[in-house]
């Protein structure tokens, strides 16, 4: 971003006779009954002054001055000598004018050389801008890396939370499976106790059956023995009674069938229960082993993530320390750059002040030049033989000079990188 500012100043030259520091005065007085005349010439050129008294004086601030006076109450006796003196004074005056013009030209040349010499030094900030851009790019890259690390840490934290939730759910499942296994073990124990009780009942029933068989056999033998000893034969005209032994055999067969059936049913039920329990135990054992494997894997992943998080934290701390160091170095370099900029601005302000002083000096010299030109013109008219008052001539010749000073400044990002000035004179 650049802009230009122009500053214009207009200087109007008033009539020469109005300046107090440099004055040209011409007094003419003609007393009663007196007359004066001066006639002279140099190189075929003459001038006539008719006055009773004549005086001319001029001075200027540079230290060079001349004065010319012609006094008399009558006619001059030596006109050529008087004109020679006037010509010498005029030549000295013109020499002074030429010296002032040369000094003015030298001053303008010095102003241009100063502007050309100091101009490029104030606008060469390319090296500083490159360093600043490099530092800005480094800061931006470190900021992006820091943001990336923060994002990775957040992702790792979310993954850790997810694994923790999975671990807790798997732990709850493991605990429930272990409680189910404990319950199944209790069921197995109860089943074993019932089986042992049933086996005990079977043994007792077998013993009771053997005892009943023996008792029945004893009773039958005793009954047969008693019948044989009695030797009584009784014939009864009645239907033949049932054979008790046959009945006992049938009862025994029925009981054995029932016992065998119950034994087979109990055995089948016991085998089925054992098979179910073994299947459940096998499934629960497999699930428990799988859960243990998953828990081990999750624990390993959790430890790996903890190690990664710790390494990321260490990297983050080191990057923050590096960023702090870079910021400190950047601040120090920026302070140095600001000091250089302030120094350059002070030099620029001093240059502006110097230019302004030189402009004022140039304006003063220009005023002197204009006044001298007016006085030279007046002398020429006097030498040409014109007889009039100098004040009237100076009053008629009013020269107006408009002086335009253009100061151009190029500002980039609030910094003055170049400056130039241009002086224009417009006579009206």
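Each Cβ is built from the backbone N, Cα and C atoms, and glycine gets one as well.
Here is what Swiss-Prot says about this protein:
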REGION    2-78  region 'Head'
REGION    79-114  region 'Coil 1A'
DOMAIN    79-390  domain 'IF rod'
REGION    115-131  region 'Linker 1'
REGION    132-223  region 'Coil 1B'
REGION    224-247  region 'Linker 12'
REGION    248-385  region 'Coil 2'
REGION    386-428  region 'Tail'
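On the 0 to 100 pLDDT scale, the region 'Coil 1A' (79-114) averages 85 in this prediction. Counted with DSSP, the region 'Coil 2' (248-385) comes out as 136 helix, 0 strand, 2 coil.
Under DSSP, residues within the region 'Coil 1B' (132-223) fall into helix, strand and coil as 92 helix, 0 strand, 0 coil. DSSP states for the region 'Coil 1A' (79-114), grouped as helix (H, G, I), strand (E, B) and coil, give 36 helix, 0 strand, 0 coil.
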